[in-house]
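The following features are taken from TrEMBL:
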type	residues	note
DOMAIN	B:56-159	domain 'FtsX extracellular'
DOMAIN	B:182-300	domain 'ABC3 transporter permease C-terminal'
TRANSMEM	B:21-41	transmembrane segment
TRANSMEM	B:176-199	transmembrane segment
TRANSMEM	B:227-248	transmembrane segment
TRANSMEM	B:268-295	transmembrane segment
Amino acid sequence: MIHFDNVTKVYPSQNRPALAHVNVAIEKGEFLFLVGPSGSGKSTFLRLILKEERPSQGHVHVAGKDLSRLSNWKVPHLRRRIGCVFQDFRLLPNKNVFENVAFALEVIGKPRRFIGKVVPEVVDLVGLEGKMHRMPDELSGGEQQRVAIARAFVNRPMILLADEPTGNIDPATSIGIMKVLDRINRTGTTVVMATHDAAIVDAFRKRVVELEDGRVVRDQSRGVYGQAY
Amino acid sequence: MRVQFVLQEIWIGLRRNMTMTISLVITVAIAMALFGTGLLLREQVRASKSFWYDKIEVSIFLCAKTSSNEACQKQDITEQQRQTLKGQLEKMPQVSNVEYESKQQAYTRFKDNFAGAPGFVESTKEGDIPDSFRVKLKNPEEYKAVAQAMLGQPGVDTVINEQEILKRFFRILNGLQVAALTIALIQVVAAVMLVGNTVRLSAFNRRRETGIMRLVGASNTYIQMPFILEGAIAGLIGGMFASILLMFSKTLLVDRLAGDVQLVSQLGWSTVVAVIVLSICFGVLLCAVASFLTLRRYLRI
(Lines of atoms letter the chains of each structure in order from A and count residues from 1; the text may use other names and numbers.)
(Lines give C-alpha, C1' and ligand atoms only; values in the text may rest on other atoms or scores of the structure.)
Protein backbone atom coordinates (compact mmCIF):
# COMPACT_ATOMS: atom_id res chain seq x y z
CA MET A 1 0.00 0.00 0.00
CA ILE A 2 2.83 2.38 0.98
CA HIS A 3 6.40 1.78 -0.17
CA PHE A 4 9.40 3.91 0.74
CA ASP A 5 12.19 3.03 -1.64
CA ASN A 6 15.56 4.36 -0.39
CA VAL A 7 14.00 7.74 0.44
CA THR A 8 16.13 10.69 1.52
CA LYS A 9 14.67 14.08 2.30
CA VAL A 10 16.83 17.16 2.88
CA TYR A 11 15.09 20.46 3.59
CA PRO A 12 16.70 23.35 1.69
CA SER A 13 17.88 25.29 4.75
CA GLN A 14 19.31 22.31 6.61
CA ASN A 15 22.41 20.21 6.13
CA ARG A 16 21.23 17.18 8.09
CA PRO A 17 18.66 15.09 6.21
CA ALA A 18 15.22 14.78 7.82
CA LEU A 19 15.04 11.27 6.42
CA ALA A 20 18.02 9.24 5.18
CA HIS A 21 17.80 6.10 3.02
CA VAL A 22 14.49 4.95 4.41
CA ASN A 23 13.10 1.64 3.13
CA VAL A 24 9.71 0.71 4.54
CA ALA A 25 6.91 -1.35 3.01
CA ILE A 26 3.47 -1.10 4.59
CA GLU A 27 0.86 -3.59 3.37
CA LYS A 28 -2.84 -3.11 2.96
CA GLY A 29 -4.75 -3.35 6.23
CA GLU A 30 -1.68 -2.98 8.43
CA PHE A 31 -1.54 -0.94 11.63
CA LEU A 32 1.84 0.71 12.07
CA PHE A 33 3.29 2.81 14.88
CA LEU A 34 5.92 5.30 13.84
CA VAL A 35 7.98 6.16 16.92
CA GLY A 36 11.01 8.23 17.71
CA PRO A 37 11.95 11.49 19.43
CA SER A 38 10.94 14.90 18.14
CA GLY A 39 12.81 15.82 14.99
CA SER A 40 13.48 12.19 14.09
CA GLY A 41 11.54 12.54 10.82
CA LYS A 42 8.08 11.14 11.72
CA SER A 43 6.16 14.13 10.34
CA THR A 44 8.29 14.25 7.21
CA PHE A 45 7.47 10.57 6.67
CA LEU A 46 3.75 11.35 6.79
CA ARG A 47 4.04 14.46 4.62
CA LEU A 48 5.83 12.47 1.93
CA ILE A 49 2.89 10.05 1.75
CA LEU A 50 0.53 13.01 1.15
CA LYS A 51 2.90 14.51 -1.43
CA GLU A 52 3.09 17.66 0.66
CA GLU A 53 6.83 17.23 0.26
CA ARG A 54 8.89 15.54 -2.42
CA PRO A 55 11.78 13.21 -1.61
CA SER A 56 15.24 14.54 -2.44
CA GLN A 57 16.20 11.01 -3.45
CA GLY A 58 14.35 7.74 -3.85
CA HIS A 59 10.70 7.04 -4.53
CA VAL A 60 7.50 6.89 -2.54
CA HIS A 61 4.77 4.60 -3.87
CA VAL A 62 1.21 4.88 -2.59
CA ALA A 63 -1.47 2.45 -3.81
CA GLY A 64 0.87 1.25 -6.55
CA LYS A 65 1.60 4.74 -7.87
CA ASP A 66 4.97 6.45 -7.89
CA LEU A 67 4.27 9.86 -6.37
CA SER A 68 7.14 11.53 -8.22
CA ARG A 69 5.33 10.68 -11.46
CA LEU A 70 1.97 11.93 -10.18
CA SER A 71 1.14 15.27 -11.79
CA ASN A 72 0.15 18.10 -9.48
CA TRP A 73 -3.45 18.25 -10.58
CA LYS A 74 -3.89 14.60 -9.59
CA VAL A 75 -2.64 15.20 -6.03
CA PRO A 76 -6.15 16.09 -4.75
CA HIS A 77 -7.37 12.67 -5.93
CA LEU A 78 -4.54 11.00 -4.03
CA ARG A 79 -5.49 12.90 -0.88
CA ARG A 80 -9.13 11.85 -1.20
CA ARG A 81 -7.94 8.29 -0.59
CA ILE A 82 -5.90 9.26 2.49
CA GLY A 83 -7.43 10.46 5.77
CA CYS A 84 -5.47 12.66 8.17
CA VAL A 85 -5.69 13.23 11.93
CA PHE A 86 -3.52 15.67 13.89
CA GLN A 87 -2.55 16.40 17.45
CA ASP A 88 -4.40 19.76 17.35
CA PHE A 89 -7.67 18.33 15.86
CA ARG A 90 -7.98 21.16 13.26
CA LEU A 91 -11.75 21.45 13.52
CA LEU A 92 -13.60 24.51 12.20
CA PRO A 93 -14.77 26.36 15.33
CA ASN A 94 -17.82 27.92 13.67
CA LYS A 95 -19.25 24.62 12.44
CA ASN A 96 -20.95 21.94 14.54
CA VAL A 97 -20.00 18.25 14.55
CA PHE A 98 -22.18 17.36 11.58
CA GLU A 99 -20.98 20.35 9.54
CA ASN A 100 -17.33 19.69 10.34
CA VAL A 101 -17.57 16.12 9.09
CA ALA A 102 -19.79 17.09 6.15
CA PHE A 103 -17.27 19.78 5.11
CA ALA A 104 -14.83 17.09 3.95
CA LEU A 105 -17.46 15.74 1.57
CA GLU A 106 -18.88 19.09 0.47
CA VAL A 107 -15.51 20.35 -0.74
CA ILE A 108 -15.03 17.33 -2.96
CA GLY A 109 -18.46 17.92 -4.46
CA LYS A 110 -20.49 15.05 -2.98
CA PRO A 111 -24.27 15.41 -3.29
CA ARG A 112 -26.19 16.56 -0.25
CA ARG A 113 -28.31 13.41 0.03
CA PHE A 114 -25.19 11.25 0.18
CA ILE A 115 -23.73 13.51 2.87
CA GLY A 116 -26.94 13.37 4.91
CA LYS A 117 -26.78 9.55 4.89
CA VAL A 118 -23.05 8.95 5.40
CA VAL A 119 -22.12 11.56 8.02
CA PRO A 120 -24.40 10.25 10.83
CA GLU A 121 -23.08 6.71 10.25
CA VAL A 122 -19.50 7.84 10.73
CA VAL A 123 -20.36 10.03 13.71
CA ASP A 124 -21.91 6.92 15.31
CA LEU A 125 -18.84 4.84 14.39
CA VAL A 126 -16.52 7.14 16.35
CA GLY A 127 -18.87 7.07 19.32
CA LEU A 128 -20.45 10.52 19.20
CA GLU A 129 -24.11 9.46 18.93
CA GLY A 130 -26.45 12.31 19.79
CA LYS A 131 -23.75 14.97 19.65
CA MET A 132 -24.19 15.86 16.00
CA HIS A 133 -25.20 19.44 16.69
CA ARG A 134 -22.63 20.31 19.34
CA MET A 135 -20.05 22.97 18.56
CA PRO A 136 -16.36 22.02 18.96
CA ASP A 137 -15.93 24.22 22.04
CA GLU A 138 -18.73 22.28 23.77
CA LEU A 139 -16.79 19.02 23.41
CA SER A 140 -13.92 17.54 25.43
CA GLY A 141 -10.54 17.06 23.80
CA GLY A 142 -11.19 13.36 23.28
CA GLU A 143 -14.53 14.07 21.66
CA GLN A 144 -12.98 16.70 19.39
CA GLN A 145 -10.41 14.17 18.25
CA ARG A 146 -13.23 11.73 17.49
CA VAL A 147 -14.83 14.38 15.28
CA ALA A 148 -11.50 14.82 13.50
CA ILE A 149 -11.25 11.05 12.99
CA ALA A 150 -14.81 10.97 11.67
CA ARG A 151 -13.90 13.70 9.19
CA ALA A 152 -10.78 11.83 8.11
CA PHE A 153 -12.69 8.57 7.66
CA VAL A 154 -15.98 9.79 6.22
CA ASN A 155 -14.79 9.41 2.63
CA ARG A 156 -13.69 5.81 3.39
CA PRO A 157 -9.97 6.30 2.62
CA MET A 158 -7.59 3.40 2.00
CA ILE A 159 -5.06 4.92 4.36
CA LEU A 160 -5.43 6.82 7.62
CA LEU A 161 -2.46 8.89 8.77
CA ALA A 162 -2.46 10.01 12.41
CA ASP A 163 0.20 12.43 13.65
CA GLU A 164 0.30 12.13 17.45
CA PRO A 165 -3.49 11.83 17.74
CA THR A 166 -3.28 11.32 21.49
CA GLY A 167 -0.73 14.05 22.11
CA ASN A 168 -3.24 16.47 23.61
CA ILE A 169 -5.37 13.92 25.41
CA ASP A 170 -5.14 12.31 28.83
CA PRO A 171 -4.23 8.58 28.98
CA ALA A 172 -7.69 7.32 29.90
CA THR A 173 -9.32 9.12 26.97
CA SER A 174 -6.48 8.03 24.68
CA ILE A 175 -7.54 4.42 25.07
CA GLY A 176 -10.95 5.36 23.62
CA ILE A 177 -9.31 7.11 20.67
CA MET A 178 -7.14 4.07 20.04
CA LYS A 179 -10.20 1.83 20.05
CA VAL A 180 -11.74 4.01 17.35
CA LEU A 181 -8.56 3.79 15.26
CA ASP A 182 -8.50 0.03 15.79
CA ARG A 183 -12.13 -0.22 14.65
CA ILE A 184 -11.23 1.73 11.50
CA ASN A 185 -8.23 -0.55 10.92
CA ARG A 186 -10.54 -3.59 11.13
CA THR A 187 -12.57 -2.26 8.18
CA GLY A 188 -9.45 -2.84 6.05
CA THR A 189 -8.01 0.65 6.24
CA THR A 190 -4.24 0.91 6.58
CA VAL A 191 -3.38 3.04 9.63
CA VAL A 192 -0.05 4.78 10.15
CA MET A 193 0.23 6.49 13.52
CA ALA A 194 3.18 8.62 14.61
CA THR A 195 3.36 8.79 18.39
CA HIS A 196 5.38 9.46 21.53
CA ASP A 197 3.02 7.55 23.72
CA ALA A 198 4.93 4.51 25.03
CA ALA A 199 2.00 3.14 27.02
CA ILE A 200 -0.21 2.94 23.96
CA VAL A 201 2.42 1.33 21.77
CA ASP A 202 3.18 -1.23 24.45
CA ALA A 203 -0.49 -2.00 25.03
CA PHE A 204 -1.41 -2.51 21.37
CA ARG A 205 1.45 -4.68 20.21
CA LYS A 206 1.33 -3.70 16.55
CA ARG A 207 4.16 -3.25 14.07
CA VAL A 208 6.63 -0.55 15.21
CA VAL A 209 9.01 1.44 13.00
CA GLU A 210 11.45 3.52 14.99
CA LEU A 211 13.21 6.54 13.49
CA GLU A 212 16.27 8.24 14.88
CA ASP A 213 17.89 11.21 13.13
CA GLY A 214 16.02 10.31 9.97
CA ARG A 215 17.11 6.65 9.89
CA VAL A 216 15.07 3.55 10.51
CA VAL A 217 16.71 1.95 13.56
CA ARG A 218 14.05 -0.67 14.20
CA ASP A 219 11.22 -2.30 12.24
CA GLN A 220 9.53 -4.87 14.43
CA SER A 221 6.16 -6.59 14.21
CA ARG A 222 4.19 -6.78 17.48
CA GLY A 223 6.76 -4.42 18.97
CA VAL A 224 6.97 -2.20 22.03
CA TYR A 225 8.05 1.42 22.35
CA GLY A 226 11.55 0.49 23.43
CA GLN A 227 13.67 0.57 26.56
CA ALA A 228 15.52 3.77 25.79
CA TYR A 229 12.51 5.95 26.47
CA MET B 1 -19.61 21.66 -7.65
CA ARG B 2 -22.16 22.46 -5.00
CA VAL B 3 -23.36 25.91 -5.94
CA GLN B 4 -24.97 26.65 -2.61
CA PHE B 5 -21.83 25.69 -0.72
CA VAL B 6 -19.62 27.89 -2.88
CA LEU B 7 -22.03 30.84 -2.57
CA GLN B 8 -22.10 30.41 1.19
CA GLU B 9 -18.29 30.45 1.35
CA ILE B 10 -18.19 33.61 -0.79
CA TRP B 11 -20.71 35.34 1.45
CA ILE B 12 -18.70 34.42 4.56
CA GLY B 13 -15.54 35.74 2.90
CA LEU B 14 -17.11 39.02 1.84
CA ARG B 15 -18.76 39.56 5.22
CA ARG B 16 -15.60 38.94 7.23
CA ASN B 17 -13.80 41.52 5.11
CA MET B 18 -16.66 43.99 4.98
CA THR B 19 -14.62 47.20 5.16
CA MET B 20 -12.10 45.93 2.63
CA THR B 21 -14.91 44.87 0.33
CA ILE B 22 -16.62 48.26 0.57
CA SER B 23 -13.44 50.15 -0.23
CA LEU B 24 -12.80 47.78 -3.11
CA VAL B 25 -16.32 48.33 -4.47
CA ILE B 26 -15.92 52.11 -4.24
CA THR B 27 -12.53 52.07 -5.95
CA VAL B 28 -13.76 49.83 -8.73
CA ALA B 29 -16.89 51.96 -9.16
CA ILE B 30 -14.88 55.16 -9.55
CA ALA B 31 -12.31 53.54 -11.82
CA MET B 32 -14.96 52.06 -14.07
CA ALA B 33 -17.06 55.25 -14.09
CA LEU B 34 -14.06 57.29 -15.20
CA PHE B 35 -13.06 54.66 -17.70
CA GLY B 36 -16.59 54.70 -19.10
CA THR B 37 -16.71 58.50 -19.14
CA GLY B 38 -13.46 58.52 -21.09
CA LEU B 39 -14.99 56.12 -23.60
CA LEU B 40 -18.17 58.19 -23.84
CA LEU B 41 -16.19 61.37 -24.47
CA ARG B 42 -14.14 59.64 -27.13
CA GLU B 43 -17.33 58.42 -28.77
CA GLN B 44 -18.72 61.94 -28.52
CA VAL B 45 -15.67 63.48 -30.17
CA ARG B 46 -15.76 60.90 -32.93
CA ALA B 47 -19.47 61.35 -33.59
CA SER B 48 -19.29 65.17 -33.55
CA LYS B 49 -16.23 65.19 -35.75
CA SER B 50 -17.81 63.14 -38.50
CA PHE B 51 -21.05 65.09 -38.13
CA TRP B 52 -19.42 68.48 -38.36
CA TYR B 53 -16.63 67.77 -40.80
CA ASP B 54 -19.29 67.04 -43.41
CA LYS B 55 -20.77 70.47 -42.88
CA ILE B 56 -17.64 72.52 -42.44
CA GLU B 57 -17.11 75.27 -44.96
CA VAL B 58 -14.58 77.95 -45.59
CA SER B 59 -16.36 81.26 -46.12
CA ILE B 60 -14.69 83.76 -48.39
CA PHE B 61 -16.35 87.10 -47.82
CA LEU B 62 -16.18 89.44 -50.76
CA CYS B 63 -15.63 93.20 -50.80
CA ALA B 64 -18.61 95.44 -50.24
CA LYS B 65 -19.10 99.17 -49.67
CA THR B 66 -19.36 98.56 -45.95
CA SER B 67 -16.25 96.42 -45.53
CA SER B 68 -13.48 97.91 -43.42
CA ASN B 69 -10.65 96.17 -45.28
CA GLU B 70 -8.34 98.81 -46.91
CA ALA B 71 -7.82 96.63 -49.97
CA CYS B 72 -11.49 96.87 -50.85
CA GLN B 73 -11.39 100.69 -51.09
CA LYS B 74 -15.08 100.88 -50.09
CA GLN B 75 -16.07 99.35 -53.43
CA ASP B 76 -18.34 96.41 -54.21
CA ILE B 77 -16.59 93.53 -55.92
CA THR B 78 -16.92 93.65 -59.70
CA GLU B 79 -18.63 90.90 -61.65
CA GLN B 80 -15.35 90.15 -63.46
CA GLN B 81 -13.37 89.76 -60.23
CA ARG B 82 -16.02 87.42 -58.93
CA GLN B 83 -15.86 85.19 -61.98
CA THR B 84 -12.04 85.04 -61.77
CA LEU B 85 -12.19 84.04 -58.07
CA LYS B 86 -14.82 81.37 -58.77
CA GLY B 87 -12.71 79.94 -61.60
CA GLN B 88 -9.61 79.87 -59.39
CA LEU B 89 -11.45 78.15 -56.53
CA GLU B 90 -12.96 75.51 -58.76
CA LYS B 91 -9.55 74.67 -60.18
CA MET B 92 -7.96 74.12 -56.74
CA PRO B 93 -7.41 70.38 -56.01
CA GLN B 94 -8.44 70.71 -52.33
CA VAL B 95 -11.88 72.11 -53.16
CA SER B 96 -14.84 69.86 -53.64
CA ASN B 97 -17.66 72.35 -54.08
CA VAL B 98 -18.07 76.12 -54.41
CA GLU B 99 -21.31 77.96 -53.84
CA TYR B 100 -22.00 81.60 -54.26
CA GLU B 101 -24.21 83.28 -51.69
CA SER B 102 -25.57 86.69 -52.58
CA LYS B 103 -26.36 89.42 -50.03
CA GLN B 104 -30.07 88.56 -50.24
CA GLN B 105 -29.53 84.84 -49.69
CA ALA B 106 -27.22 85.59 -46.75
CA TYR B 107 -29.83 87.88 -45.22
CA THR B 108 -32.59 85.31 -45.62
CA ARG B 109 -30.46 82.63 -43.99
CA PHE B 110 -29.57 85.00 -41.19
CA LYS B 111 -33.25 85.74 -40.60
CA ASP B 112 -34.04 82.02 -40.49
CA ASN B 113 -31.20 81.23 -38.13
CA PHE B 114 -32.09 83.96 -35.67
CA ALA B 115 -35.86 83.80 -36.02
CA GLY B 116 -35.99 83.41 -32.27
CA ALA B 117 -34.37 86.82 -31.66
CA PRO B 118 -36.48 89.42 -33.54
CA GLY B 119 -34.60 92.39 -32.05
CA PHE B 120 -31.36 91.06 -33.43
CA VAL B 121 -32.91 90.61 -36.89
CA GLU B 122 -34.49 94.06 -36.95
CA SER B 123 -31.19 95.79 -36.27
CA THR B 124 -29.70 94.16 -39.33
CA LYS B 125 -30.47 95.31 -42.84
CA GLU B 126 -30.14 93.45 -46.07
CA GLY B 127 -26.65 94.23 -47.34
CA ASP B 128 -24.99 94.24 -43.93
CA ILE B 129 -23.79 90.73 -44.60
CA PRO B 130 -21.54 90.78 -47.65
CA ASP B 131 -21.86 88.22 -50.39
CA SER B 132 -19.53 85.27 -50.13
CA PHE B 133 -18.28 82.02 -51.58
CA ARG B 134 -19.02 79.04 -49.41
CA VAL B 135 -16.30 76.52 -50.15
CA LYS B 136 -16.47 72.87 -49.17
CA LEU B 137 -13.13 71.13 -48.88
CA LYS B 138 -12.34 67.52 -49.61
CA ASN B 139 -10.36 67.40 -46.39
CA PRO B 140 -11.16 70.13 -43.84
CA GLU B 141 -7.55 70.01 -42.58
CA GLU B 142 -6.29 71.49 -45.86
CA TYR B 143 -7.86 74.81 -45.17
CA LYS B 144 -4.60 76.79 -45.01
CA ALA B 145 -3.71 76.38 -48.70
CA VAL B 146 -7.10 77.73 -49.76
CA ALA B 147 -6.99 80.62 -47.33
CA GLN B 148 -3.49 81.66 -48.43
CA ALA B 149 -4.41 81.55 -52.10
CA MET B 150 -7.50 83.67 -51.59
CA LEU B 151 -6.35 86.31 -49.09
CA GLY B 152 -5.08 89.42 -50.85
CA GLN B 153 -6.73 88.63 -54.15
CA PRO B 154 -8.60 91.58 -55.57
CA GLY B 155 -12.17 91.59 -54.28
CA VAL B 156 -11.57 89.33 -51.24
CA ASP B 157 -12.35 90.82 -47.85
CA THR B 158 -11.74 88.06 -45.31
CA VAL B 159 -11.54 84.28 -45.12
CA ILE B 160 -13.18 82.55 -42.19
CA ASN B 161 -12.63 78.91 -41.41
CA GLU B 162 -15.35 77.29 -39.31
CA GLN B 163 -12.96 74.53 -38.37
CA GLU B 164 -10.95 76.92 -36.19
CA ILE B 165 -14.01 77.38 -34.02
CA LEU B 166 -14.65 73.65 -33.74
CA LYS B 167 -11.03 72.89 -33.00
CA ARG B 168 -11.15 74.72 -29.69
CA PHE B 169 -14.20 72.75 -28.70
CA PHE B 170 -12.65 69.44 -29.66
CA ARG B 171 -9.53 70.36 -27.72
CA ILE B 172 -11.63 70.74 -24.56
CA LEU B 173 -13.35 67.38 -25.15
CA ASN B 174 -10.03 65.69 -25.81
CA GLY B 175 -8.59 67.18 -22.64
CA LEU B 176 -11.52 65.89 -20.60
CA GLN B 177 -11.13 62.47 -22.15
CA VAL B 178 -7.41 62.28 -21.38
CA ALA B 179 -8.02 63.46 -17.81
CA ALA B 180 -10.78 60.88 -17.25
CA LEU B 181 -8.70 58.03 -18.64
CA THR B 182 -5.61 59.06 -16.66
CA ILE B 183 -7.50 59.11 -13.36
CA ALA B 184 -9.19 55.85 -14.37
CA LEU B 185 -5.79 54.26 -14.91
CA ILE B 186 -4.58 55.38 -11.47
CA GLN B 187 -7.77 54.00 -9.92
CA VAL B 188 -7.32 50.72 -11.78
CA VAL B 189 -3.86 50.36 -10.27
CA ALA B 190 -5.32 51.10 -6.82
CA ALA B 191 -8.10 48.59 -7.45
CA VAL B 192 -5.64 45.85 -8.40
CA MET B 193 -3.65 46.43 -5.21
CA LEU B 194 -6.83 46.49 -3.12
CA VAL B 195 -8.02 43.22 -4.67
CA GLY B 196 -4.63 41.77 -3.80
CA ASN B 197 -4.92 42.85 -0.17
CA THR B 198 -8.54 41.76 0.13
CA VAL B 199 -7.80 38.31 -1.20
CA ARG B 200 -4.73 38.01 0.99
CA LEU B 201 -6.75 38.88 4.08
CA SER B 202 -9.49 36.55 2.98
CA ALA B 203 -7.03 33.72 2.44
CA PHE B 204 -5.53 34.40 5.87
CA ASN B 205 -8.98 34.47 7.52
CA ARG B 206 -9.83 31.16 5.96
CA ARG B 207 -6.47 29.41 6.26
CA ARG B 208 -8.07 26.75 8.47
CA GLU B 209 -10.76 25.97 5.91
CA THR B 210 -8.39 25.96 2.97
CA GLY B 211 -5.92 23.82 4.94
CA ILE B 212 -8.59 21.20 5.55
CA MET B 213 -9.81 21.44 1.97
CA ARG B 214 -6.30 20.69 0.79
CA LEU B 215 -6.00 17.72 3.16
CA VAL B 216 -9.26 16.08 2.20
CA GLY B 217 -8.42 16.45 -1.48
CA ALA B 218 -10.56 19.33 -2.70
CA SER B 219 -9.49 20.28 -6.22
CA ASN B 220 -7.57 23.49 -6.78
CA THR B 221 -10.47 25.10 -8.60
CA TYR B 222 -12.75 24.30 -5.68
CA ILE B 223 -10.34 25.91 -3.24
CA GLN B 224 -9.66 28.97 -5.39
CA MET B 225 -13.13 29.51 -6.78
CA PRO B 226 -14.62 31.29 -3.72
CA PHE B 227 -11.72 33.76 -3.64
CA ILE B 228 -11.85 34.53 -7.35
CA LEU B 229 -15.64 34.86 -7.28
CA GLU B 230 -15.30 37.10 -4.24
CA GLY B 231 -13.14 39.46 -6.29
CA ALA B 232 -15.43 39.14 -9.29
CA ILE B 233 -18.54 39.92 -7.23
CA ALA B 234 -16.90 42.99 -5.71
CA GLY B 235 -16.01 43.99 -9.28
CA LEU B 236 -19.58 43.41 -10.41
CA ILE B 237 -21.08 45.51 -7.61
CA GLY B 238 -18.51 48.22 -8.32
CA GLY B 239 -19.40 48.01 -12.00
CA MET B 240 -23.10 48.44 -11.22
CA PHE B 241 -22.42 51.55 -9.17
CA ALA B 242 -20.23 52.73 -12.04
CA SER B 243 -23.11 52.28 -14.48
CA ILE B 244 -25.29 54.53 -12.32
CA LEU B 245 -22.50 57.12 -12.29
CA LEU B 246 -22.17 56.75 -16.06
CA MET B 247 -25.86 57.44 -16.58
CA PHE B 248 -25.41 60.58 -14.51
CA SER B 249 -22.43 61.61 -16.55
CA LYS B 250 -24.42 61.03 -19.74
CA THR B 251 -27.31 63.24 -18.60
CA LEU B 252 -25.25 65.80 -16.67
CA LEU B 253 -22.07 66.10 -18.70
CA VAL B 254 -22.58 64.96 -22.27
CA ASP B 255 -26.18 66.09 -22.71
CA ARG B 256 -25.53 69.40 -21.02
CA LEU B 257 -22.56 70.02 -23.28
CA ALA B 258 -24.82 69.28 -26.21
CA GLY B 259 -27.43 71.70 -24.87
CA ASP B 260 -24.99 74.52 -24.18
CA VAL B 261 -22.71 74.38 -27.14
CA GLN B 262 -25.17 73.34 -29.85
CA LEU B 263 -22.25 71.77 -31.61
CA VAL B 264 -22.52 68.24 -30.35
CA SER B 265 -24.55 65.54 -31.96
CA GLN B 266 -26.47 63.62 -29.33
CA LEU B 267 -25.00 60.36 -28.03
CA GLY B 268 -27.70 57.69 -27.99
CA TRP B 269 -28.48 55.53 -24.96
CA SER B 270 -27.39 52.52 -26.99
CA THR B 271 -23.82 53.85 -26.94
CA VAL B 272 -24.09 54.45 -23.20
CA VAL B 273 -25.38 50.91 -22.62
CA ALA B 274 -22.53 49.49 -24.72
CA VAL B 275 -20.01 51.49 -22.67
CA ILE B 276 -21.65 50.35 -19.41
CA VAL B 277 -21.52 46.69 -20.44
CA LEU B 278 -17.88 47.10 -21.44
CA SER B 279 -17.02 48.81 -18.14
CA ILE B 280 -18.73 46.13 -16.03
CA CYS B 281 -17.02 43.31 -17.93
CA PHE B 282 -13.70 45.08 -17.57
CA GLY B 283 -14.26 45.57 -13.83
CA VAL B 284 -15.23 41.95 -13.20
CA LEU B 285 -12.36 40.62 -15.28
CA LEU B 286 -9.87 42.95 -13.63
CA CYS B 287 -10.85 41.83 -10.12
CA ALA B 288 -11.02 38.14 -10.99
CA VAL B 289 -7.60 38.15 -12.64
CA ALA B 290 -6.08 40.17 -9.78
CA SER B 291 -7.53 37.66 -7.26
CA PHE B 292 -6.20 34.74 -9.23
CA LEU B 293 -2.70 36.19 -9.44
CA THR B 294 -2.67 37.02 -5.71
CA LEU B 295 -3.88 33.53 -4.80
CA ARG B 296 -0.94 31.96 -6.56
CA ARG B 297 1.29 33.75 -4.08
CA TYR B 298 -0.68 33.39 -0.86
CA LEU B 299 -2.59 30.13 -1.13
CA ARG B 300 -0.37 27.11 -1.32
CA ILE B 301 -2.09 24.27 -3.09
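Positions of Cβ are set from backbone N, Cα and C atoms, glycine also.
Across the domain 'FtsX extracellular' (B:56-159), mean pLDDT in this model comes to 79.
With DSSP classes pooled into helix, strand and coil, the tally for the domain 'FtsX extracellular' (B:56-159) is 43 helix, 22 strand, 39 coil. Within the chain, the transmembrane segment (B:227-248) has long-range Cβ neighbours (under 8 A, six or more residues past its boundaries) at 6, 10, 13-14, 21, 24-33, 35-37, 40, 191, 195, 198-199, 202-203, 272, 275-276, 279-288, 290-292, 295, 299. Tertiary neighbourhood of the transmembrane segment (B:268-295): same-chain residues 24, 28, 31-33, 35-36, 39-40, 43, 188, 191-192, 195-196, 199-200, 203, 224, 227-232, 234-236, 238-240, 242-243, 246-247, 250, selected by CB-CB distance under 8 Å and a gap of 6+ residues from either end.
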